[in-house]
Every structure is written in C-alpha cells, then in structure tokens.
C-alpha cells in the first residue's frame, strides 16, 4: 500500500506526453503526424485510462484503510525561506481524480468522431490532454503555491479550448471574456494566498490549518484581515465555478466544441472552484462569517442560474445555466458545512451533466445535416422538435439525464440533491425556501429543454418559420421560441395565415375563435410546401459517439448508490461516508450520516413532489403543438380578458425579459465596467496626447522660437556682440550686488 502511494506523483504527468509529442511531430514531421492523427486519440485515451486505474486503486485502499498520504520535496532558497513541492493523496484527491479520468476518457472517445472532420483535430487532443494534466496536478497539489500554478494552467487551457474555433469572432470574444473574468478571481486568489502566508508563514495545507487555528483560538490575529484574506481566496473559486457575480463567462463558453463543454461543466474547470473550497474548508470553518458568506453566494447563484435558464433558446446555454445553478447547490452545502453532501452532489452532477452535454452534442451533430454548420441554428431549440423517432438512443439517454438532474429517484442526483435540500432547513428557513423553489424550477426548465428538443414536430421543415420576437407568452413558444414584448388584449396559441388551423396528425380543422388576437410574426406558419418532395432528417450518431453516452447512462443510474444514506442490519451501504471518513473527522467529530427508512421517505416525498410539479407545468406548456391546439379552450378558460390578465401579462413578460437578458447583468457590466474602463482609457489617452505630449512639444517649440529670436539679434557685427555681452554682465553684477546687500 505504501509503495502504491509513493508512485502517485506520476498521476498528473501521464497524459503530458501526448501534447508534447503532437507539438514536436507537427513541428518536425507535419505530414506524417497529420496522416496518423487517429493514433493520438488512442494514446490520449490509453494514458488517461492508466491514470483512472491508478486512481481507482488508491480509492479502494482509502475506503479500506482510511488513510491520507503526503510526500514533499523541499526546495531551499535560503535559510529563511524554502518552497516545498509534493503531492497529497486523500479522499478528496481520489474522488476528483476518478471524476476527471472517467469523464475525460468518455469525452475523448466521443471527440474522436465528433471532431473527425475538423482541421484542428490534433490541436484539440493536445489541448484536451494538457487540460487533464493541469486538472490532475491541481487536485494532487499539497500546498497553495502548487494550487495556484495548476490553477492558472487550467485557466489557460480553458481559454484555448473555449476559443478553439478562434476564426469565429464570437468564439474569440467568448474566450477573452472567460479569461478576463477569471483573472479577476485569480488575482484575488493570489492576494489571499500571500495574505495567509504573511499570517502563518506557510503554504502547506496542514501547517496552514494548524497555525491559523491556534492563532484564532488564542486571539492573536486580526479577525477583519483574516476574513478579508479568506474572501480573496473564495473569489478565485467564485470565478472558476461561475458563481454570482463572476458567472458571466459561463454561457459564452458554449462557443467551444461540445465535448469541451461537457468536460468543463462536469469534471474540470467549474469543478476546480468547488474543489478549492472543499480543500480549504478546515480554514474557512474557523473564520467568523466566511461560511455564511459562502452559503449566501451559493443560494444567490442557485436562484439566478435557474431563472436565467428559463428563456434560453440555445440548448447548450440552457445546460450551462443549469450547471451554474447546480454548482450553487454545492457551494451552499459547503457554506452550511455539509461537506459530504457537497462532494456527493459534485459526483452525481458530473456524470449527469456530462451525459446531457454529450447528448446535446449528438443532437447538434444530427441537426447540422439540415441547417448546415451554424451554431446559431444547429444549437437553437427553435429549429428542433420531433427528434424522438430520428435519434431514439440519444433521446432516451437525454431523458435519463434530465430526470436525474430533476431529482427523480432512483437516478444519481436524487440522492445528493435531496440531502442538500434537507440540510437547508437546519441552516436557514429562507435559504431552504429558495433552494426548494429552485428545485421545482430545475425540473421545469430541464423538461422544457427536453420537450422543445425531442417532442412535437421537426420545426426546421416549416419553410415559413420565423424566429422574431413577436409570439405570445401563452403559446407553445413560451420562453423558448420567442415571446412578445407587446401586451395585447386577447390570447391565442397559434395564428395561421388563414382562419383554419391544421392539426399535424389529422385533417380535422380548428376554427380560430373571434376573441383570438392576431400575431404579426407567427411561431409556426403552415402553408403549402410548394414543389418540395424530399426533406433531410436528423440521424442517430454512430457507435463511437453513442458508446460514451451509454456508459454515462450507467453512471447516472448507479453512481447514486455510493451515498445511500441509510444502513440496514449492520450492512453499511453508505460507501461515500466511509470513503470520506478522514476528511469528515477533521470537520465533524463522530458525525453519523445514516438515517432511517421512514425519515428518508418522508423527506424524499416532498422533494420528488416539487420536481413532479415542475415537470407537469413544463408538459402543460411545452407539449407538442397539436395537443396545445386541442387544449386551447382549457387554457383560455384560465386566462380571461381584464385588468388581472393585463397585469399577469406584464409580470410574465417581465420575467421573460429578465431571463432572456440574463438579469441584465451582462448589460450592467458592459455599461459600467467595460464602458467605464474604456472611458478612463480615452481620458488617459487625451491627457497623454494633450497634456504630457503638449508639455514636451511646447518646450521644443519654445526653444525653437527662442533660438530664432536670438538669431535675429545677431547680424555678424562684433560691436553688437560686445555691447550685448557687457550689457548682460552689468545686469548680472547688479543682481549679485542687490542680493549681497
């Protein structure tokens, strides 16, 4: 066992040869390297598989032995200062290593086909392998200096991967936005590291925790300064894990290839912030008020992420805001001190979200057959619908991932999310209400994505389709196709160009009621299809892309069994608590995570009921168009014309605008921060050109005219020179005489 731990230093370096060899090959033998490019995918998967097996072996030993291993090399700079580099293997490290490697392998296998026609295939796999190296180095770091080094490498890799298609201006802007936003958090992280080194004199985690605990216990430290340094450390996690208010980069990061989105959102970049807070939780827990601040940021992020997801048309952006909200649950759990629940949700969410992103990639891949390579169209749920019969495997797997994220048993996220929701009641009733309300919103917007993508009819085949924002709220286009900002008097579901509406599945016609309002830009306009006789249809992805999806389905189905929170007749089912025993004991002595069947079912019933209610609302509003037409009278009966109806329209449109415009936070930053910085830059440029350059140029001009003036006095006569000489000497003597007197 000891020998296994001694070789754990190799974990972050095993994937590193791939980017190095690809770079050397492209530099020295470009033609041969490109011709053998599929070989590099195999090497990437093979090396990461070795790391996965090594990590699983370490995890099994930790579950059985509950041990923590740290190895350090000292680099002595002088007698007063030395840097120590090493690696730390504990339950948190092994959990993160398994997440990174398992999801990384699935993403690499998936990418082999997804990126097969891309000219940047080799560059993609080089970036991905280096991304894995950076993240593995981060989770095995034994001190804050190593954390920061690999933290920056993770940020650099995310910059390269988000801007992978850098020739597209949108992608180039997105990677710059992610880079700049994360620099704000990283600068805070660096200042926090330096601040705690100034307080404790150590970068090592164990020494840092021990020294700071003693200083606080003996009241030998300034609490305000310590809290400020802790907030700076937390700022790094806020930016990296897309927590409010540094979350604005996350939806724009969807401009990268879909496999990148899966890796970033499941197991690498956004997970790094959660990992950092979990790693430093023994430090945060002894600092007054910082845990409350962490939980506050988490609960705000939960609510904002869920509300922003309600009106997104881009399937990947909808999933991105879902990630933001779920990361908020993890941050809330860490702020409440629910260490186990946070890590449990990190595990379950990682596999479910990877499944959803790879499923969305399969959908996008199939839609490109119809709309061409245009992310604005292939990722737009407005053009989707009716994909169930075309991509049945993708549809089923996406449905399972959706149900998991909604918290439906016995899927993975149900077990972890339910624990966090129950813990919130013990911490704060206000936070609990927000968390439970957002759980219902999660079920609503996730099934909205599912229904708009897979149910109904394939909307791209309606040639007169218009996507402009003039569709009423109450139609099937609710917050997904488009919505009218105008408050009209009456209500209708769909408006055709003639008063007869045709059902998709029958020839029966439906007459529009006279009270129905007219829509200038319809959601779907059904007219004659002209001379077109053939349509292209989406197709299921091939086995190389389906295999990772099916493997992630298995994880989504069964990974929740790791943390089943009850034991039965001496059989300990809660493997996760046993796995985390060393870390949990550092935080809570003799903590018992097991509960009885009755208590578990009582708590679960309420959370599942809320999720089912959200799903029901989504089905009611987003079911296929023909069903909505048949239920038009039912919906109309609930919404009568009058002042209440107008007020309801205003509220609904306000919520839609808030969600569609991301809470106007991006606009606020653009106006006050970006606009302010640009204004300051223009002012500085004006001051530099007019004042600084003006003084410099003025001295030169003054010297020129002074020289010209003196030159005009001298005409070449020696008598004039002598006269001026004696004149100035006389004046100088008079001045000296005056000063001496």
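Cβ atoms are placed via backbone N, Cα and C, with glycine included.
For the transmembrane segment (9-29), the residues of the chain that approach it from at least six positions outside its boundaries are 40, 43-44, 47-48, 50-51, 54-55, 71, 86-87, 97, 122-123, 125-127, 129-130, 132-134, 136-137, 140, 150, judged by C-beta separation under 8 angstroms. The annotation transmembrane segment is assigned in Swiss-Prot to 9-29 (among others) on the grounds of sequence analysis.
Under the heading transmembrane segment, Swiss-Prot lists 125-145 (among others).
The transmembrane segment annotation in Swiss-Prot covers 147-167 (among others), and the record cites sequence analysis as its basis.
The feature transmembrane segment is assigned by Swiss-Prot to 185-205 (among others).
Per Swiss-Prot, the feature transmembrane segment maps to 219-239 (among others).
What Swiss-Prot lists as transmembrane segment is 290-312 (among others).
Annotation comment: Swiss-Prot describes 318-338 (among others) as transmembrane segment, evidence class sequence analysis.
Summarising the annotation, Swiss-Prot assigns transmembrane segment to 344-364 (among others).
Per Swiss-Prot, the feature transmembrane segment maps to 396-416 (among others); the stated evidence is sequence analysis.
Marked as transmembrane segment by Swiss-Prot on the basis of sequence analysis: 425-445 (among others).
Counting residues 6+ beyond its ends, the transmembrane segment (546-566) has Cβ neighbours under 8 Å at 102-103, 106-107, 109-110, 340, 344, 347-348, 351-352, 354-355, 358-359, 362, 393-394, 397, 400-401, 404, 410-416, 419, 540, 573-577, 579, 593-597, 600 in the same chain. Here Swiss-Prot flags 546-566 (among others) as transmembrane segment, drawing on sequence analysis.
The feature transmembrane segment is assigned by Swiss-Prot to 605-625 (among others). Sequence-remote contacts of a segment are chain residues at least 6 beyond its ends whose Cβ falls under 8 Å from one of its Cβ atoms, and for the transmembrane segment (605-625) they are 385, 406-409, 414, 417-418, 421, 436, 439-448, 451-452, 455-457, 476, 478, 480, 494, 504, 524.
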Hey, would you say the transmembrane segment (425-445) packs against the transmembrane segment (290-312), going by three or more CB pairs under 8 A that are 6+ residues apart?
-> yes
Would you kindly list the residues that approach the transmembrane segment (185-205) from elsewhere in its chain, counting only those six or more residues past its ends and only Cβ-Cβ distances under 8 Å?
-> 72, 83-84, 88, 142-145, 147-148, 151-152, 155, 211-212, 215, 221, 225-226, 228-240, 246, 279-280, 283
Sequence-remote contacts (6 or more beyond its ends) of the transmembrane segment (219-239), Cβ cut-off under 8 Å?
-> 151, 181-182, 184-186, 188-189, 191-193, 195-196, 199, 212, 245-246, 272-274, 276-277, 280, 283-284, 287-290, 293-294, 297, 331
